[in-house]
Amino acid sequence: MENGTDPVCTANEPPFSHKIIGSLDLTGIFLFAILTLMTLIANLVFVEEVFYIYRKTPSSKRTIFIWINAAAPVIATTSCIGMWVPRSTMFTDFTAAVFFAIVIHKFMLMMIKECGGQKLFLSRFENDRFKISTGPCCCCCLCLPYVHITRRTLFLLKLGTFQLAFLRPVLMFLSIVLWTNGNYNLSDLTPNGAAIWINCFVGVLTIIALWPIGIMFQQVRVLLNCKKIIPKFALYEFVLILSQLQAAIINIVALQGIIPCAPPLASSARGAYMNQQLLI
(Lines of atoms letter the chains of each structure in order from A and count residues from 1; the text may use other names and numbers.)
(Lines give C-alpha, C1' and ligand atoms only; values in the text may rest on other atoms or scores of the structure.)
Protein backbone atom coordinates (compact mmCIF):
# COMPACT_ATOMS: atom_id res chain seq x y z
CA MET A 1 0.00 0.00 0.00
CA GLU A 2 1.37 3.43 -0.90
CA ASN A 3 2.18 5.79 1.96
CA GLY A 4 -0.26 8.34 0.62
CA THR A 5 -3.18 5.92 0.90
CA ASP A 6 -2.11 4.20 4.10
CA PRO A 7 -4.72 4.74 6.85
CA VAL A 8 -1.94 5.86 9.23
CA CYS A 9 -0.89 8.59 6.81
CA THR A 10 -4.41 9.82 6.10
CA ALA A 11 -5.39 9.81 9.79
CA ASN A 12 -2.20 11.75 10.67
CA GLU A 13 -2.27 10.68 14.32
CA PRO A 14 0.61 9.47 16.50
CA PRO A 15 0.70 5.70 17.06
CA PHE A 16 0.33 3.93 20.40
CA SER A 17 3.60 3.04 22.13
CA HIS A 18 3.23 -0.73 21.54
CA LYS A 19 3.01 -0.10 17.78
CA ILE A 20 6.14 2.03 17.66
CA ILE A 21 8.06 -0.46 19.82
CA GLY A 22 6.84 -3.41 17.73
CA SER A 23 8.03 -1.74 14.52
CA LEU A 24 11.62 -1.25 15.71
CA ASP A 25 14.37 -3.14 13.94
CA LEU A 26 17.80 -3.81 15.43
CA THR A 27 19.03 -0.31 14.56
CA GLY A 28 15.92 1.25 16.08
CA ILE A 29 16.27 -0.76 19.29
CA PHE A 30 19.93 0.29 19.56
CA LEU A 31 18.99 3.96 18.97
CA PHE A 32 16.23 3.86 21.60
CA ALA A 33 18.58 2.24 24.09
CA ILE A 34 21.34 4.80 23.50
CA LEU A 35 19.00 7.79 23.75
CA THR A 36 17.36 6.43 26.91
CA LEU A 37 20.80 5.87 28.42
CA MET A 38 21.80 9.44 27.53
CA THR A 39 18.65 10.74 29.26
CA LEU A 40 19.46 8.67 32.35
CA ILE A 41 23.03 10.00 32.40
CA ALA A 42 21.75 13.59 32.07
CA ASN A 43 19.52 13.08 35.11
CA LEU A 44 22.33 11.45 37.13
CA VAL A 45 24.61 14.39 36.30
CA PHE A 46 21.87 16.77 37.44
CA VAL A 47 21.48 14.91 40.74
CA GLU A 48 25.23 15.22 41.28
CA GLU A 49 25.00 18.94 40.48
CA VAL A 50 22.24 19.37 43.07
CA PHE A 51 24.41 17.80 45.77
CA TYR A 52 27.31 20.05 44.72
CA ILE A 53 25.10 23.16 44.79
CA TYR A 54 23.86 22.34 48.30
CA ARG A 55 27.42 21.86 49.53
CA LYS A 56 29.16 24.76 47.81
CA THR A 57 26.70 27.61 47.24
CA PRO A 58 24.90 30.02 49.61
CA SER A 59 21.29 29.16 50.40
CA SER A 60 20.07 32.36 48.70
CA LYS A 61 21.33 31.11 45.31
CA ARG A 62 20.54 27.40 45.52
CA THR A 63 17.00 27.45 44.17
CA ILE A 64 17.90 29.61 41.17
CA PHE A 65 20.94 27.48 40.28
CA ILE A 66 18.94 24.25 40.56
CA TRP A 67 16.15 25.58 38.32
CA ILE A 68 18.61 26.73 35.65
CA ASN A 69 20.68 23.53 35.74
CA ALA A 70 17.50 21.45 35.45
CA ALA A 71 16.69 22.79 31.98
CA ALA A 72 18.73 20.21 30.06
CA PRO A 73 17.62 17.08 31.98
CA VAL A 74 13.96 18.18 31.95
CA ILE A 75 14.01 18.72 28.18
CA ALA A 76 15.82 15.40 27.69
CA THR A 77 13.38 13.55 29.97
CA THR A 78 10.25 14.96 28.35
CA SER A 79 11.70 14.20 24.91
CA CYS A 80 12.51 10.63 25.96
CA ILE A 81 8.96 10.10 27.25
CA GLY A 82 7.56 11.53 24.01
CA MET A 83 9.81 9.20 22.02
CA TRP A 84 8.57 6.10 23.87
CA VAL A 85 4.94 7.27 24.04
CA PRO A 86 4.26 9.26 20.83
CA ARG A 87 0.69 10.17 21.84
CA SER A 88 2.03 12.08 24.83
CA THR A 89 4.09 14.45 22.63
CA MET A 90 1.80 17.45 23.06
CA PHE A 91 1.90 17.15 26.86
CA THR A 92 5.65 16.52 27.06
CA ASP A 93 6.34 19.48 24.74
CA PHE A 94 4.05 21.67 26.84
CA THR A 95 5.84 20.60 30.03
CA ALA A 96 9.28 21.38 28.59
CA ALA A 97 8.08 24.72 27.19
CA VAL A 98 6.53 25.82 30.50
CA PHE A 99 9.64 24.77 32.42
CA PHE A 100 11.96 26.67 30.09
CA ALA A 101 9.74 29.77 30.34
CA ILE A 102 10.35 29.70 34.10
CA VAL A 103 14.08 29.15 33.51
CA ILE A 104 14.23 32.31 31.39
CA HIS A 105 12.88 34.30 34.35
CA LYS A 106 15.25 32.53 36.72
CA PHE A 107 18.19 33.42 34.47
CA MET A 108 17.28 37.09 34.82
CA LEU A 109 17.12 36.74 38.61
CA MET A 110 20.45 34.89 38.59
CA MET A 111 22.24 37.77 36.85
CA ILE A 112 20.88 40.21 39.43
CA LYS A 113 21.74 37.84 42.28
CA GLU A 114 25.30 37.39 41.01
CA CYS A 115 25.71 41.18 41.16
CA GLY A 116 24.95 41.02 44.89
CA GLY A 117 21.17 41.35 44.81
CA GLN A 118 18.82 44.14 43.79
CA LYS A 119 20.02 46.75 46.31
CA LEU A 120 23.69 46.28 45.52
CA PHE A 121 22.91 46.15 41.80
CA LEU A 122 21.10 49.51 41.95
CA SER A 123 23.84 51.14 44.03
CA ARG A 124 26.56 49.74 41.74
CA PHE A 125 24.91 50.97 38.52
CA GLU A 126 23.05 54.02 39.84
CA ASN A 127 24.93 56.36 37.47
CA ASP A 128 24.71 54.03 34.46
CA ARG A 129 22.04 53.47 31.84
CA PHE A 130 20.53 50.41 30.19
CA LYS A 131 21.18 49.97 26.48
CA ILE A 132 17.78 48.90 25.14
CA SER A 133 18.76 48.65 21.46
CA THR A 134 19.53 44.97 21.75
CA GLY A 135 18.06 41.71 20.47
CA PRO A 136 15.79 40.12 19.73
CA CYS A 137 13.39 43.08 19.52
CA CYS A 138 15.43 46.21 18.88
CA CYS A 139 18.95 45.21 17.85
CA CYS A 140 18.62 47.31 14.65
CA CYS A 141 17.11 50.35 16.41
CA LEU A 142 20.38 52.05 17.30
CA CYS A 143 18.61 55.40 17.69
CA LEU A 144 16.79 54.26 20.83
CA PRO A 145 17.86 56.26 23.92
CA TYR A 146 19.64 54.75 26.89
CA VAL A 147 17.44 54.32 29.97
CA HIS A 148 18.40 55.26 33.52
CA ILE A 149 18.88 52.28 35.85
CA THR A 150 16.32 52.73 38.59
CA ARG A 151 14.17 50.50 40.75
CA ARG A 152 11.32 51.01 38.26
CA THR A 153 13.29 50.04 35.15
CA LEU A 154 14.69 46.99 36.95
CA PHE A 155 11.14 46.00 37.91
CA LEU A 156 10.03 46.34 34.28
CA LEU A 157 12.88 44.08 33.13
CA LYS A 158 11.90 41.42 35.65
CA LEU A 159 8.25 41.84 34.66
CA GLY A 160 9.23 41.24 31.04
CA THR A 161 10.54 37.76 31.83
CA PHE A 162 7.91 37.00 34.46
CA GLN A 163 5.05 37.53 32.00
CA LEU A 164 6.26 34.53 29.97
CA ALA A 165 6.68 32.37 33.08
CA PHE A 166 3.10 33.25 34.08
CA LEU A 167 1.24 33.43 30.75
CA ARG A 168 2.79 30.42 29.06
CA PRO A 169 1.34 27.90 31.56
CA VAL A 170 -2.02 29.68 31.22
CA LEU A 171 -1.90 29.38 27.43
CA MET A 172 -0.79 25.77 27.61
CA PHE A 173 -3.72 25.00 29.92
CA LEU A 174 -6.05 26.76 27.48
CA SER A 175 -4.58 24.69 24.63
CA ILE A 176 -5.26 21.44 26.48
CA VAL A 177 -8.83 22.53 27.25
CA LEU A 178 -9.41 23.37 23.57
CA TRP A 179 -7.78 20.08 22.54
CA THR A 180 -10.19 18.07 24.68
CA ASN A 181 -13.03 19.87 22.90
CA GLY A 182 -11.54 19.21 19.46
CA ASN A 183 -10.67 22.86 18.78
CA TYR A 184 -6.88 22.59 19.09
CA ASN A 185 -4.82 20.54 16.65
CA LEU A 186 -1.08 21.03 16.14
CA SER A 187 -1.39 19.99 12.50
CA ASP A 188 -4.08 22.60 11.81
CA LEU A 189 -2.27 25.84 11.00
CA THR A 190 -5.17 27.46 9.18
CA PRO A 191 -6.54 30.83 10.40
CA ASN A 192 -9.65 29.02 11.63
CA GLY A 193 -7.62 26.80 13.97
CA ALA A 194 -6.65 27.79 17.51
CA ALA A 195 -3.11 26.40 17.24
CA ILE A 196 -1.78 29.07 14.87
CA TRP A 197 -3.06 31.93 17.05
CA ILE A 198 -1.88 30.50 20.35
CA ASN A 199 1.54 29.59 18.95
CA CYS A 200 2.00 33.03 17.42
CA PHE A 201 1.02 34.69 20.70
CA VAL A 202 3.47 32.47 22.60
CA GLY A 203 6.17 33.42 20.08
CA VAL A 204 5.54 37.13 20.69
CA LEU A 205 5.64 36.62 24.48
CA THR A 206 8.92 34.70 24.15
CA ILE A 207 10.54 37.48 22.12
CA ILE A 208 9.35 40.06 24.66
CA ALA A 209 10.84 37.94 27.48
CA LEU A 210 14.19 37.55 25.73
CA TRP A 211 14.56 41.31 25.26
CA PRO A 212 15.06 42.09 29.00
CA ILE A 213 17.52 39.18 29.20
CA GLY A 214 19.57 40.75 26.40
CA ILE A 215 19.42 44.19 28.04
CA MET A 216 20.57 42.85 31.39
CA PHE A 217 23.29 40.70 29.81
CA GLN A 218 24.77 43.72 28.02
CA GLN A 219 24.90 45.56 31.35
CA VAL A 220 26.51 42.86 33.52
CA ARG A 221 28.63 40.81 31.13
CA VAL A 222 31.86 42.66 31.99
CA LEU A 223 31.20 42.55 35.74
CA LEU A 224 30.26 38.86 35.66
CA ASN A 225 32.96 37.77 33.24
CA CYS A 226 34.69 36.02 36.15
CA LYS A 227 31.48 33.98 36.59
CA LYS A 228 31.70 32.87 32.92
CA ILE A 229 28.39 34.57 32.18
CA ILE A 230 29.09 34.80 28.43
CA PRO A 231 29.29 31.03 27.77
CA LYS A 232 26.34 30.46 30.12
CA PHE A 233 24.27 33.01 28.23
CA ALA A 234 25.29 31.51 24.88
CA LEU A 235 24.43 28.01 26.12
CA TYR A 236 20.88 28.91 27.20
CA GLU A 237 20.27 30.87 24.00
CA PHE A 238 21.34 27.72 22.14
CA VAL A 239 19.02 25.55 24.24
CA LEU A 240 16.16 27.95 23.52
CA ILE A 241 16.81 27.76 19.78
CA LEU A 242 16.96 23.96 19.86
CA SER A 243 13.89 23.48 22.00
CA GLN A 244 11.67 26.09 20.32
CA LEU A 245 12.87 27.09 16.85
CA GLN A 246 14.00 23.61 15.83
CA ALA A 247 10.66 22.11 16.86
CA ALA A 248 8.73 24.79 14.96
CA ILE A 249 10.78 24.30 11.77
CA ILE A 250 10.48 20.50 11.86
CA ASN A 251 6.73 20.76 12.52
CA ILE A 252 6.21 23.08 9.53
CA VAL A 253 8.36 20.85 7.29
CA ALA A 254 6.39 17.78 8.39
CA LEU A 255 3.04 19.48 7.79
CA GLN A 256 4.17 20.36 4.26
CA GLY A 257 4.83 16.65 3.62
CA ILE A 258 8.58 17.14 3.14
CA ILE A 259 9.11 14.62 5.94
CA PRO A 260 7.28 11.62 4.43
CA CYS A 261 4.90 9.35 6.24
CA ALA A 262 6.53 6.08 7.34
CA PRO A 263 3.98 3.78 9.03
CA PRO A 264 3.36 3.50 11.92
CA LEU A 265 4.41 7.18 12.01
CA ALA A 266 2.46 9.81 10.09
CA SER A 267 4.34 12.85 8.77
CA SER A 268 3.67 15.12 11.78
CA ALA A 269 4.31 12.30 14.27
CA ARG A 270 7.55 11.43 12.50
CA GLY A 271 8.63 15.07 12.64
CA ALA A 272 7.99 15.18 16.40
CA TYR A 273 9.81 11.83 16.72
CA MET A 274 12.89 13.24 14.95
CA ASN A 275 12.82 16.44 17.03
CA GLN A 276 12.73 14.47 20.29
CA GLN A 277 15.69 12.35 19.29
CA LEU A 278 17.69 15.43 18.24
CA LEU A 279 16.87 17.19 21.53
CA ILE A 280 18.14 14.26 23.59
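Using the three backbone atoms N, Cα and C, a Cβ is placed for every residue, glycine included.
Here is what TrEMBL records for this protein:
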- 29-52: transmembrane segment (TRANSMEM)
- 64-85: transmembrane segment (TRANSMEM)
- 91-112: transmembrane segment (TRANSMEM)
- 155-179: transmembrane segment (TRANSMEM)
- 194-217: transmembrane segment (TRANSMEM)
- 238-259: transmembrane segment (TRANSMEM)
> Based on Cβ pairs under 8 Å, which of the stretches 64-85, 91-112, 155-179, 194-217, 238-259 lies most in contact with the transmembrane segment (29-52)?
Replying inline: 64-85
> For the transmembrane segment (238-259), which stretch among 91-112, 155-179, 194-217 has the most Cβ pairs under 8 A?
Replying inline: 91-112
